[in-house]
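Copied from Swiss-Prot, the annotated features are:
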| type | residues | note |
| --- | --- | --- |
| ACT_SITE | K202 | active site |
| BINDING | D44, G45, E46, R103, Q104 | ATP binding site |
| BINDING | H137 | Mg(2+) 1 binding site |
| BINDING | D179 | Mg(2+) 2 binding site |
| BINDING | R204, D228, D232, T233, A234, G235, T236 | D-ribose 5-phosphate binding site |
Amino acid sequence: MLNNEYKNSALKIFSLKGNEPLAQEVADHVGIELGKCSVKRFSDGEIQINIEESIRGCDVFIIQPTSNPVNLHLMELLIMIDACRRASAANINIVVPYYGYARQDRKARSREPITAKLVANLIETAGADRMIALDLHAPQIQGFFDMPIDHLMGVPILAQYFKNETDIDPEECVVVSPDHGGVTRARKLADILKTPIAIIDKRRPKPNVAEVMNIVGEIEGRTAIIIDDIIDTAGTITLAAQALKDKGAKDVYACCTHPVLSGPAKERIENSAIKELVVTNSIQLDEKRKPENTKELSVAGLLAQAIIRVYERESVSVLFD
């Protein structure tokens, strides 16, 4: 817990249904109780939200990842923003540990929507004033918003685990990006761990199907750490792990900020060359979806610090590294 000085302040933290354990942990770090609100369903599936305490003049922080079921959690968030606006909250801040639709950030083919931008429009129209986000799939999504975005990174949390809680020797380790787009992320982890990096040249013939083609970098005899922002069906990560093993990697670890883990992900990871999967709790994982060799790290402390700094009108940039 950081402190208790916010118990009777104008700082209010609310949780919807997206990740209640994470929200509770954040509130515990800040030193306040979660705000009282009810989220119910009508018999026809419509969402009803009721804020059960006064928030007039308060700085409200709504914690809600828009993870599976994406549309339901997104609608909960939009309705809660509207409720806070109509209840005269001074500032409505949304804390989105996982931003759904982030992979639809551009037109890859003709006549496709840019859904990440549409979601940004919906959030701003509903009345949000600021967003605290964690590892957006494409950092340029920040430009889809006109309101301030505090974009936090999960890499330091992952790095501290490998640095302090494993017996990996940095001199015999290599950080691997599963594609060219993740090189910046891999470089950041490698800089913290003081290791070299490698890149996997990947060809994706159709969605959710990946084929590993080539590895650029020294792999043989090293412990490889593959890092990505999202692991969804785990096709990319498991093929990458096998390719690294085939190139002589000693052990293969995989890590990500957002464990979507849909479809065959659990089975693929458990039957792969991956020794351990390291993830954060940005998305609430039930046991049915969690591979046996999974280590879950908490981002609650990071989010709590960001919330306090925003509330105190202090710089958040110190948390970016």
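Just so it is clear, glycine is given a Cβ too, placed from its N, Cα and C backbone atoms.
Shown on the structure are the features that Swiss-Prot records.
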| residue | record | DSSP class |
| --- | --- | --- |
| D44 | ATP binding site | coil |
| R103 | ATP binding site | coil |
| D179 | Mg(2+) 2 binding site | coil |
| D232 | D-ribose 5-phosphate binding site | coil |
Listed binding-site residues (Q104, T233, T236), ranked by Cβ neighbours within 10 Å, top entry: T236
Extent of the ATP binding site in Å [max Cα distance among D44, G45, E46, R103, Q104]: 30
D44, E46, D228 as binding-site residues, winner by CB count within 10 A: D228
Minimum Cα separation from D179 (Mg(2+) 2 binding site), reported as the residue among binding-site residues D44, D228, D232, G235 that achieves it: D228
G45 (ATP binding site) versus binding-site residues D228, D232, T236 - nearest by Cα: D232
Other CB atoms within 10 A, centred on R103 (ATP binding site): 17
